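Novice: One structure, pasted below without further comment.
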Amino acid sequence: MIFCVFLQALFKVLMLLFCGVFVTTHGSGCDPNPCKNEGSCIMVNDVAQCKCVHGLKGETCEDIKMEVMCEQTYIKVSVLKDYFDWKNVTKDSVQLFEGACKAALEVIHGEEYYTITIHHNNYSSCGTVLVSNATHIMYMNGLHTKQMTGIITRLPSEAIDFTCVYHRQRTVQLEFPIQPKTTIAVLHMQEGIVIVSMALYESSKYENAYVELPVLSWTERLYISVKIEPGENNFFDLTINDCWATPTKNPDALPQYYLIKNGCPIDETVQYHNQIGNETMANFSVQMFRFVKYPVVFLHCRTEICAPDSLEPCMINCPGPPSPKTKRDTNSQYEGLLTYGPIHWARSKTHVHEVGKPNLMIATVPGIAVLSSMVFLVLAITLAKVMKRPTGVV
């Protein structure tokens, strides 16, 4: 009895193994064709591969061949024309959520694409939706076929959604993958990069930046400018969270001296020179200083971007008299770190003159005192000799 049960169990195991091998072998070839959307299957080194058509790509030809460029001044989406030809959709029927933004024909690397570009000044009229959270700023839209008027239509309805995601945190020293899923509703996410720079200027006019690392006296001011590059036609404004100084390039080095914290000045000499949080740049200045035991200063600033049209406020009032300007609340923001330096501290010209060339009067006074003492001593000795001479001796 036990032996019969054992044989039955062994038979089931062998059947499972046989079926598994059969399915695996059968499924690894081109019969049946694993490729979808009229893709053809070919064998390459005993492995089935799909050759896609109609502007499609992927292992089984389910993804659309498209490109989304997420720049800081524009967003551009491009879809291969072959895909729309396959769907019997003309160029004039391709648009974004709002019909004001229509497709244009463009040749990219020898292939024809339908492209649409969204700029910072027309993104809302194109139906682009702005969403922001604690970590990202997102612009969402999609390619759609034009809505037809009338009672019925036999034109296909297509929707290819895409999203540009911008990290709030950017790091500058002084990505979401492209995965369209279906031909009906495709989510395309791409990460954009925002370039932020920091420079030191000669004056509050912010016209001439130092081209070499400066040597400044304690009587001078540091005019710092942090800005988005390029500064025009941007989707974003720039804010400053913290700025501090260290004696080395390492922003975590000790000691640390904070100039700005949580967007507001800590050092009493800090002055804001524009409306920080409402522009693409942040300009401020501070009186030159140095660390007691170190000859150089490195400046570090944590910055972040915000969308002007976001529901979250970009600016707040800083308490106290040092900050006449306003800035964004930074509790929910990610930050980017910028470093500038070293800035060398130098004594003022007057102080250098006194050390290198001591005042002549200061050096002469001791000499005059010594000379006067010697003259007095000679006179005293002479007078003593005269007084000891015998009376009547000529």
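Including glycine, each Cβ sits where the backbone N, Cα and C put it.
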Novice: Going by TrEMBL, tell me which one of Cys41, Cys52 is disulfide-bonded to Cys61.
Specialist: Cys52
Novice: For the domain 'EGF-like' (26-62), give the DSSP counts of helix residues, strand residues and coil residues.
Specialist: 2 helix, 12 strand, 23 coil
Novice: Show which residues of the chain containing Cys61 (disulfide bond), separated from it by at least 6 in sequence, have their CB under 8 Å from its CB.
Specialist: Cys35, Lys36, Asn37, Glu38, Gly39, Cys50, Cys52, Val53
